[in-house]
Amino acid sequence: MQTLAIIGAQWGDEGKGKLTDLLAEKCDLVVRYQGGHNAGHTIWVNGQKTVLHVIPSGVLHPHCLSVIGHGVVLEPENFLNELSKIKGVTNVTPDNLKLSSTATVITSYHKLLDAARESQGPEKIGTTGKGIGPAYEDKVSRRGIKVKDLLDKDTLVRRLSTGYAEKAILFKHLYQIEIPSIESEVERLYRYGQSLKDYVTDTFSLIDDKLSQGKRVLYEGAQGILLDIDYGTYPYVTSSSTAGAGIYTGAGIPGRKLEEVIGVAKAYTTRVGEGPFPTELFDEVGAEIQVNGNEIGATTGRKRRCGWLDIPLLRYSVKCSQLTSIALTKLDILSNLKELKVCYAYEVNGKVVDCAYPGINLYNAKPLYKEFKPFTDDFSGGKTSKELEDYINFIQESLGIQVGIYAYGPDRNQIVFRKQYS
(Lines of atoms letter the chains of each structure in order from A and count residues from 1; the text may use other names and numbers.)
(Lines give C-alpha, C1' and ligand atoms only; values in the text may rest on other atoms or scores of the structure.)
Protein backbone atom coordinates (compact mmCIF):
# COMPACT_ATOMS: atom_id res chain seq x y z
CA MET A 1 0.00 0.00 0.00
CA GLN A 2 1.69 3.19 -1.21
CA THR A 3 -0.86 5.88 -0.32
CA LEU A 4 -3.21 6.20 2.61
CA ALA A 5 -5.14 9.01 4.23
CA ILE A 6 -6.31 9.70 7.76
CA ILE A 7 -9.50 11.76 7.97
CA GLY A 8 -11.68 12.76 10.90
CA ALA A 9 -15.09 11.10 10.48
CA GLN A 10 -16.94 13.32 12.96
CA TRP A 11 -16.65 16.99 14.04
CA GLY A 12 -12.90 16.83 14.65
CA ASP A 13 -10.91 15.99 17.79
CA GLU A 14 -11.12 12.26 17.04
CA GLY A 15 -7.48 11.39 17.72
CA LYS A 16 -6.03 11.69 14.21
CA GLY A 17 -2.65 12.93 15.42
CA LYS A 18 -1.91 9.82 17.45
CA LEU A 19 -2.79 7.54 14.55
CA THR A 20 -0.77 9.61 12.06
CA ASP A 21 2.23 9.53 14.38
CA LEU A 22 1.98 5.75 14.65
CA LEU A 23 1.54 5.00 10.94
CA ALA A 24 4.17 7.58 9.94
CA GLU A 25 6.84 5.25 11.29
CA LYS A 26 6.50 3.17 8.11
CA CYS A 27 5.94 6.08 5.70
CA ASP A 28 8.31 8.28 3.73
CA LEU A 29 6.11 11.40 3.62
CA VAL A 30 3.32 12.84 5.76
CA VAL A 31 1.31 15.61 4.09
CA ARG A 32 -1.07 18.13 5.71
CA TYR A 33 -3.38 19.26 2.92
CA GLN A 34 -5.96 21.65 4.43
CA GLY A 35 -6.87 23.78 7.43
CA GLY A 36 -4.50 25.83 9.50
CA HIS A 37 -3.41 26.26 13.10
CA ASN A 38 -7.02 25.84 14.23
CA ALA A 39 -6.20 22.12 14.39
CA GLY A 40 -4.83 20.59 17.58
CA HIS A 41 -3.26 17.16 17.10
CA THR A 42 -2.15 15.75 20.45
CA ILE A 43 0.47 13.00 20.58
CA TRP A 44 1.67 11.19 23.70
CA VAL A 45 4.99 9.32 23.57
CA ASN A 46 6.33 7.73 26.75
CA GLY A 47 4.20 10.05 28.85
CA GLN A 48 5.37 13.20 27.04
CA LYS A 49 2.67 15.34 25.44
CA THR A 50 3.20 17.12 22.12
CA VAL A 51 0.49 19.28 20.53
CA LEU A 52 0.83 20.11 16.83
CA HIS A 53 -1.32 22.71 15.10
CA VAL A 54 -0.04 23.07 11.53
CA ILE A 55 3.15 20.99 11.35
CA PRO A 56 2.33 17.40 10.27
CA SER A 57 2.18 14.74 12.99
CA GLY A 58 4.88 12.72 11.24
CA VAL A 59 7.48 15.25 12.39
CA LEU A 60 8.30 13.10 15.43
CA HIS A 61 9.91 10.63 13.00
CA PRO A 62 13.03 12.40 11.61
CA HIS A 63 13.34 9.87 8.74
CA CYS A 64 9.90 10.96 7.53
CA LEU A 65 9.52 14.02 5.30
CA SER A 66 6.76 16.28 6.65
CA VAL A 67 4.99 18.43 4.05
CA ILE A 68 2.60 21.36 4.51
CA GLY A 69 0.62 21.42 1.26
CA HIS A 70 -0.82 24.27 -0.76
CA GLY A 71 -4.34 23.73 0.60
CA VAL A 72 -3.23 24.86 4.07
CA VAL A 73 -3.55 28.45 5.33
CA LEU A 74 -0.45 29.48 7.26
CA GLU A 75 0.01 32.09 9.97
CA PRO A 76 3.80 32.70 9.76
CA GLU A 77 4.35 33.75 13.37
CA ASN A 78 2.47 30.72 14.67
CA PHE A 79 4.36 28.40 12.32
CA LEU A 80 7.72 29.69 13.50
CA ASN A 81 6.71 29.47 17.17
CA GLU A 82 5.50 25.90 16.70
CA LEU A 83 8.68 25.05 14.84
CA SER A 84 10.78 26.42 17.70
CA LYS A 85 8.87 24.32 20.25
CA ILE A 86 9.02 21.10 18.25
CA LYS A 87 12.78 21.48 17.79
CA GLY A 88 13.03 20.92 21.54
CA VAL A 89 11.41 17.51 21.07
CA THR A 90 12.79 16.17 17.79
CA ASN A 91 15.25 17.00 15.02
CA VAL A 92 13.55 19.30 12.49
CA THR A 93 15.44 20.85 9.57
CA PRO A 94 14.63 22.10 6.06
CA ASP A 95 15.61 18.61 4.92
CA ASN A 96 12.67 16.91 6.67
CA LEU A 97 10.05 19.69 6.76
CA LYS A 98 8.75 21.39 3.61
CA LEU A 99 6.26 24.23 3.20
CA SER A 100 4.33 24.87 -0.01
CA SER A 101 5.28 28.10 -1.76
CA THR A 102 1.62 28.51 -2.75
CA ALA A 103 -0.01 27.98 0.65
CA THR A 104 -2.17 30.98 1.56
CA VAL A 105 -0.96 33.32 4.32
CA ILE A 106 -3.07 34.44 7.29
CA THR A 107 -2.49 38.15 7.94
CA SER A 108 -3.24 40.43 10.88
CA TYR A 109 -6.35 41.61 9.02
CA HIS A 110 -7.73 38.08 8.86
CA LYS A 111 -7.34 37.52 12.59
CA LEU A 112 -8.93 40.87 13.44
CA LEU A 113 -11.87 40.20 11.14
CA ASP A 114 -12.44 36.71 12.56
CA ALA A 115 -12.50 38.00 16.13
CA ALA A 116 -14.76 40.95 15.23
CA ARG A 117 -17.34 38.72 13.56
CA GLU A 118 -17.45 36.26 16.45
CA SER A 119 -18.23 39.12 18.83
CA GLN A 120 -21.29 40.16 16.82
CA GLY A 121 -24.47 38.81 18.40
CA PRO A 122 -26.22 35.43 18.31
CA GLU A 123 -25.23 34.32 14.80
CA LYS A 124 -21.67 33.38 15.74
CA ILE A 125 -20.27 30.14 14.31
CA GLY A 126 -17.97 29.30 17.20
CA THR A 127 -14.71 29.62 15.28
CA THR A 128 -11.28 29.51 16.89
CA GLY A 129 -10.80 33.20 15.99
CA LYS A 130 -7.46 32.51 14.31
CA GLY A 131 -8.23 34.07 10.92
CA ILE A 132 -8.75 30.79 9.08
CA GLY A 133 -12.08 31.66 7.45
CA PRO A 134 -11.15 35.19 6.31
CA ALA A 135 -7.88 33.85 4.83
CA TYR A 136 -9.80 31.29 2.76
CA GLU A 137 -12.21 34.07 1.73
CA ASP A 138 -9.33 36.11 0.31
CA LYS A 139 -7.97 33.01 -1.41
CA VAL A 140 -11.26 32.36 -3.19
CA SER A 141 -11.73 36.04 -4.09
CA ARG A 142 -8.21 36.02 -5.59
CA ARG A 143 -6.90 38.52 -3.06
CA GLY A 144 -4.88 36.07 -1.03
CA ILE A 145 -1.18 36.29 -0.24
CA LYS A 146 0.92 33.20 -0.90
CA VAL A 147 3.95 32.06 1.08
CA LYS A 148 6.19 32.84 -1.90
CA ASP A 149 4.99 36.47 -1.75
CA LEU A 150 6.63 36.84 1.67
CA LEU A 151 10.04 36.45 0.07
CA ASP A 152 9.85 39.58 -2.10
CA LYS A 153 8.99 42.94 -0.53
CA ASP A 154 7.72 44.56 -3.75
CA THR A 155 5.38 41.66 -4.42
CA LEU A 156 4.20 41.76 -0.83
CA VAL A 157 3.34 45.47 -1.08
CA ARG A 158 1.41 44.89 -4.29
CA ARG A 159 -0.54 41.91 -2.97
CA LEU A 160 -1.38 43.55 0.38
CA SER A 161 -2.58 46.67 -1.40
CA THR A 162 -5.22 44.63 -3.20
CA GLY A 163 -8.41 45.28 -1.26
CA TYR A 164 -6.73 47.19 1.57
CA ALA A 165 -8.93 50.28 1.17
CA GLU A 166 -12.03 48.11 1.31
CA LYS A 167 -10.80 46.36 4.46
CA ALA A 168 -9.94 49.67 6.15
CA ILE A 169 -13.43 51.06 5.50
CA LEU A 170 -15.08 47.84 6.68
CA PHE A 171 -13.15 47.76 9.94
CA LYS A 172 -13.54 51.46 10.68
CA HIS A 173 -17.24 51.88 9.98
CA LEU A 174 -18.66 48.45 10.85
CA TYR A 175 -16.40 47.29 13.68
CA GLN A 176 -14.83 50.60 14.81
CA ILE A 177 -11.34 49.11 14.54
CA GLU A 178 -8.22 50.71 13.08
CA ILE A 179 -6.21 48.11 11.19
CA PRO A 180 -2.40 48.02 10.85
CA SER A 181 -0.96 50.02 7.97
CA ILE A 182 0.25 48.31 4.83
CA GLU A 183 3.79 49.38 5.67
CA SER A 184 3.80 47.79 9.13
CA GLU A 185 2.19 44.58 7.85
CA VAL A 186 4.71 44.34 5.00
CA GLU A 187 7.62 44.67 7.41
CA ARG A 188 6.14 42.09 9.77
CA LEU A 189 5.40 39.50 7.08
CA TYR A 190 8.66 40.04 5.20
CA ARG A 191 10.61 39.48 8.41
CA TYR A 192 8.81 36.18 8.96
CA GLY A 193 9.38 35.28 5.32
CA GLN A 194 13.12 35.55 5.78
CA SER A 195 12.92 33.18 8.76
CA LEU A 196 10.94 30.47 6.97
CA LYS A 197 12.33 30.73 3.44
CA ASP A 198 14.61 27.68 3.77
CA TYR A 199 11.54 25.47 4.25
CA VAL A 200 9.67 26.78 1.19
CA THR A 201 9.44 24.66 -1.96
CA ASP A 202 7.16 23.43 -4.75
CA THR A 203 5.39 20.70 -2.78
CA PHE A 204 3.19 19.64 -5.72
CA SER A 205 6.22 18.50 -7.72
CA LEU A 206 7.87 17.11 -4.59
CA ILE A 207 4.92 14.83 -3.81
CA ASP A 208 4.54 13.81 -7.45
CA ASP A 209 8.23 12.88 -7.66
CA LYS A 210 8.07 10.83 -4.45
CA LEU A 211 5.01 8.95 -5.69
CA SER A 212 6.80 8.20 -8.98
CA GLN A 213 9.72 6.81 -6.96
CA GLY A 214 7.37 4.45 -5.14
CA LYS A 215 7.65 6.25 -1.81
CA ARG A 216 4.93 5.67 0.79
CA VAL A 217 2.78 8.75 1.44
CA LEU A 218 0.38 9.42 4.31
CA TYR A 219 -2.13 12.29 4.01
CA GLU A 220 -3.16 13.86 7.31
CA GLY A 221 -6.49 15.65 7.57
CA ALA A 222 -7.46 18.31 10.09
CA GLN A 223 -10.88 18.81 11.73
CA GLY A 224 -13.48 16.29 10.47
CA ILE A 225 -15.80 15.48 7.57
CA LEU A 226 -18.83 16.94 9.35
CA LEU A 227 -17.05 20.32 9.38
CA ASP A 228 -16.42 20.28 5.62
CA ILE A 229 -17.35 23.52 3.86
CA ASP A 230 -19.54 21.57 1.38
CA TYR A 231 -20.47 18.32 3.16
CA GLY A 232 -20.63 19.55 6.75
CA THR A 233 -23.38 20.94 8.99
CA TYR A 234 -23.39 24.32 7.25
CA PRO A 235 -23.03 27.10 8.36
CA TYR A 236 -21.45 25.56 11.47
CA VAL A 237 -18.42 24.32 9.57
CA THR A 238 -14.81 25.22 8.91
CA SER A 239 -13.71 26.98 5.72
CA SER A 240 -11.78 24.19 4.00
CA SER A 241 -12.46 20.83 2.38
CA THR A 242 -12.04 18.41 5.27
CA ALA A 243 -13.62 15.47 3.42
CA GLY A 244 -11.65 13.17 1.14
CA ALA A 245 -11.95 15.52 -1.83
CA GLY A 246 -9.69 17.99 -0.02
CA ILE A 247 -6.73 15.66 -0.47
CA TYR A 248 -6.85 16.03 -4.24
CA THR A 249 -7.14 19.82 -4.22
CA GLY A 250 -4.95 20.54 -1.18
CA ALA A 251 -2.05 18.19 -1.91
CA GLY A 252 -2.30 17.63 -5.65
CA ILE A 253 -2.57 13.84 -5.62
CA PRO A 254 -4.37 12.23 -8.58
CA GLY A 255 -7.51 10.43 -7.43
CA ARG A 256 -6.41 7.05 -8.74
CA LYS A 257 -3.37 7.09 -6.45
CA LEU A 258 -5.24 7.01 -3.12
CA GLU A 259 -5.54 3.41 -1.91
CA GLU A 260 -6.70 3.50 1.72
CA VAL A 261 -8.83 6.11 3.52
CA ILE A 262 -9.07 5.63 7.28
CA GLY A 263 -11.90 7.48 8.99
CA VAL A 264 -11.08 8.23 12.62
CA ALA A 265 -14.03 8.31 15.03
CA LYS A 266 -14.36 8.40 18.78
CA ALA A 267 -16.39 5.60 20.34
CA TYR A 268 -18.82 8.38 21.24
CA THR A 269 -19.42 11.81 19.68
CA THR A 270 -18.11 15.27 20.59
CA ARG A 271 -18.45 18.74 19.16
CA VAL A 272 -16.87 22.13 19.92
CA GLY A 273 -18.73 25.36 19.30
CA GLU A 274 -22.17 25.97 17.86
CA GLY A 275 -24.33 23.76 15.65
CA PRO A 276 -26.74 20.81 15.77
CA PHE A 277 -25.84 17.68 17.74
CA PRO A 278 -28.64 15.05 17.74
CA THR A 279 -27.14 12.68 20.34
CA GLU A 280 -25.83 15.34 22.74
CA LEU A 281 -26.12 14.36 26.41
CA PHE A 282 -27.09 16.84 29.10
CA ASP A 283 -27.18 14.39 32.00
CA GLU A 284 -24.63 12.92 34.40
CA VAL A 285 -23.49 10.35 31.81
CA GLY A 286 -22.58 13.15 29.41
CA ALA A 287 -20.73 14.93 32.21
CA GLU A 288 -18.89 11.72 33.10
CA ILE A 289 -17.76 11.23 29.49
CA GLN A 290 -16.63 14.86 29.32
CA VAL A 291 -14.55 14.57 32.50
CA ASN A 292 -13.13 11.08 31.94
CA GLY A 293 -12.37 11.82 28.29
CA ASN A 294 -10.71 15.13 29.19
CA GLU A 295 -12.86 16.67 26.48
CA ILE A 296 -11.25 20.08 26.33
CA GLY A 297 -10.02 21.48 23.01
CA ALA A 298 -6.23 21.34 22.51
CA THR A 299 -6.40 24.57 20.48
CA THR A 300 -9.24 26.53 22.09
CA GLY A 301 -9.35 25.25 25.66
CA ARG A 302 -13.14 25.05 25.33
CA LYS A 303 -15.11 22.15 26.79
CA ARG A 304 -16.43 19.79 24.14
CA ARG A 305 -20.08 18.83 24.00
CA CYS A 306 -20.49 15.05 24.39
CA GLY A 307 -23.04 12.49 23.22
CA TRP A 308 -23.59 8.91 22.09
CA LEU A 309 -22.10 7.51 18.89
CA ASP A 310 -24.13 8.61 15.85
CA ILE A 311 -24.32 5.95 13.12
CA PRO A 312 -26.36 8.03 10.60
CA LEU A 313 -23.65 10.70 10.58
CA LEU A 314 -20.87 8.10 10.32
CA ARG A 315 -22.66 6.39 7.41
CA TYR A 316 -22.74 9.77 5.70
CA SER A 317 -19.01 10.25 6.31
CA VAL A 318 -18.27 6.81 4.87
CA LYS A 319 -20.20 7.65 1.71
CA CYS A 320 -18.97 11.17 1.00
CA SER A 321 -15.29 10.35 1.60
CA GLN A 322 -15.27 6.72 0.43
CA LEU A 323 -13.78 5.56 3.73
CA THR A 324 -12.28 2.07 3.55
CA SER A 325 -11.97 1.42 7.29
CA ILE A 326 -12.65 2.99 10.68
CA ALA A 327 -10.23 3.72 13.52
CA LEU A 328 -12.25 3.80 16.74
CA THR A 329 -10.64 5.83 19.53
CA LYS A 330 -11.17 6.41 23.25
CA LEU A 331 -12.97 3.13 23.89
CA ASP A 332 -11.59 3.19 27.42
CA ILE A 333 -13.75 6.21 28.25
CA LEU A 334 -16.91 4.12 27.78
CA SER A 335 -15.67 1.32 30.04
CA ASN A 336 -17.66 1.03 33.28
CA LEU A 337 -20.43 3.45 32.30
CA LYS A 338 -23.76 2.57 33.85
CA GLU A 339 -25.43 2.63 30.44
CA LEU A 340 -24.29 2.43 26.81
CA LYS A 341 -26.22 3.46 23.71
CA VAL A 342 -25.68 3.98 19.99
CA CYS A 343 -27.92 6.03 17.71
CA TYR A 344 -28.72 3.75 14.76
CA ALA A 345 -31.22 6.05 12.98
CA TYR A 346 -33.25 9.27 13.29
CA GLU A 347 -36.92 10.00 13.21
CA VAL A 348 -37.37 13.09 11.01
CA ASN A 349 -40.89 14.40 10.31
CA GLY A 350 -42.35 11.00 11.10
CA LYS A 351 -39.93 9.05 8.88
CA VAL A 352 -36.99 6.85 9.86
CA VAL A 353 -33.70 8.06 8.37
CA ASP A 354 -30.67 5.78 8.75
CA CYS A 355 -28.13 7.96 6.91
CA ALA A 356 -27.64 11.71 7.13
CA TYR A 357 -27.52 13.70 3.91
CA PRO A 358 -26.58 17.23 2.76
CA GLY A 359 -29.11 19.75 4.00
CA ILE A 360 -30.78 17.50 6.57
CA ASN A 361 -32.22 19.51 9.46
CA LEU A 362 -30.48 17.83 12.36
CA TYR A 363 -32.31 20.06 14.82
CA ASN A 364 -35.45 18.11 13.90
CA ALA A 365 -33.75 14.70 14.06
CA LYS A 366 -34.89 12.56 16.98
CA PRO A 367 -32.23 9.90 17.65
CA LEU A 368 -33.33 6.27 17.83
CA TYR A 369 -31.10 4.24 20.14
CA LYS A 370 -29.93 0.67 20.49
CA GLU A 371 -28.87 -0.15 24.04
CA PHE A 372 -25.81 -2.28 24.79
CA LYS A 373 -24.72 -4.05 27.90
CA PRO A 374 -21.90 -1.87 29.28
CA PHE A 375 -18.41 -3.35 29.07
CA THR A 376 -15.84 -3.23 31.87
CA ASP A 377 -12.63 -3.98 29.95
CA ASP A 378 -9.33 -2.67 31.33
CA PHE A 379 -7.67 -3.50 27.96
CA SER A 380 -4.74 -5.30 29.58
CA GLY A 381 -3.39 -8.47 28.02
CA GLY A 382 -4.92 -7.83 24.63
CA LYS A 383 -8.19 -9.57 25.47
CA THR A 384 -11.64 -8.11 24.83
CA SER A 385 -14.94 -8.98 26.44
CA LYS A 386 -18.00 -10.20 24.56
CA GLU A 387 -19.71 -6.90 25.42
CA LEU A 388 -16.92 -4.88 23.81
CA GLU A 389 -16.85 -7.12 20.73
CA ASP A 390 -20.62 -6.74 20.38
CA TYR A 391 -20.20 -2.95 20.43
CA ILE A 392 -17.42 -2.95 17.82
CA ASN A 393 -19.16 -5.50 15.59
CA PHE A 394 -22.39 -3.50 15.59
CA ILE A 395 -20.49 -0.42 14.42
CA GLN A 396 -18.70 -2.13 11.55
CA GLU A 397 -21.82 -4.02 10.46
CA SER A 398 -23.80 -0.77 10.48
CA LEU A 399 -21.18 1.07 8.42
CA GLY A 400 -20.32 -1.75 6.03
CA ILE A 401 -16.57 -1.33 6.57
CA GLN A 402 -14.15 -2.82 9.06
CA VAL A 403 -13.14 -1.27 12.35
CA GLY A 404 -9.49 -1.76 11.45
CA ILE A 405 -8.06 -0.08 14.54
CA TYR A 406 -9.21 0.70 18.04
CA ALA A 407 -7.45 2.79 20.68
CA TYR A 408 -7.91 2.72 24.43
CA GLY A 409 -5.67 5.49 25.77
CA PRO A 410 -3.60 8.53 24.77
CA ASP A 411 -0.18 6.88 24.37
CA ARG A 412 0.92 5.69 20.92
CA ASN A 413 1.17 2.11 22.22
CA GLN A 414 -2.41 1.96 23.53
CA ILE A 415 -3.83 0.74 20.25
CA VAL A 416 -4.91 -2.52 18.59
CA PHE A 417 -4.70 -3.23 14.86
CA ARG A 418 -7.44 -5.49 13.49
CA LYS A 419 -6.36 -4.82 9.88
CA GLN A 420 -2.95 -4.66 8.23
CA TYR A 421 -2.04 -1.29 6.69
CA SER A 422 1.36 -2.29 5.29
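Easy rule for this one: first residue shown is 1, then count along the chain.
Heads up, the Cβ atoms here are built off N, Cα and C, so glycines get one too.
Just so you know, TrEMBL annotations are computer predictions that nobody has curated.
Note that the structure is a prediction, hence the values are computed from the model and not measured.
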For the IMP site that TrEMBL gives as Asp13, Glu14, Gly15, Lys16, Asn38, Ala39, Gly40, His41, Thr128, Arg142, Gln223, Arg302, the extra residue out of Thr155, Thr203, Thr233, Thr238 is Thr238
If you count the C-beta atoms lying within 10 Å of each candidate's C-beta, which of the binding-site residues Thr128, Gln223 ends up with the smallest number? Thr128
Protein Cβ atoms within 10 Å of Arg302 (IMP binding site), excluding its own: 13
Widest Cα span across the IMP binders Asp13, Glu14, Gly15, Lys16, Asn38, Ala39, Gly40, His41, Thr128, Arg142, Gln223, Thr238, Arg302, in Å? 34
Between Leu331 (GTP binding site) and Arg302 (IMP binding site), how far is it from one CA atom to the other, in Å? 22
Out of the recorded positions Gly15, Gly40, His41, Lys139, give me the one sitting nearest to Arg302 (IMP binding site) by CA distance. Gly40
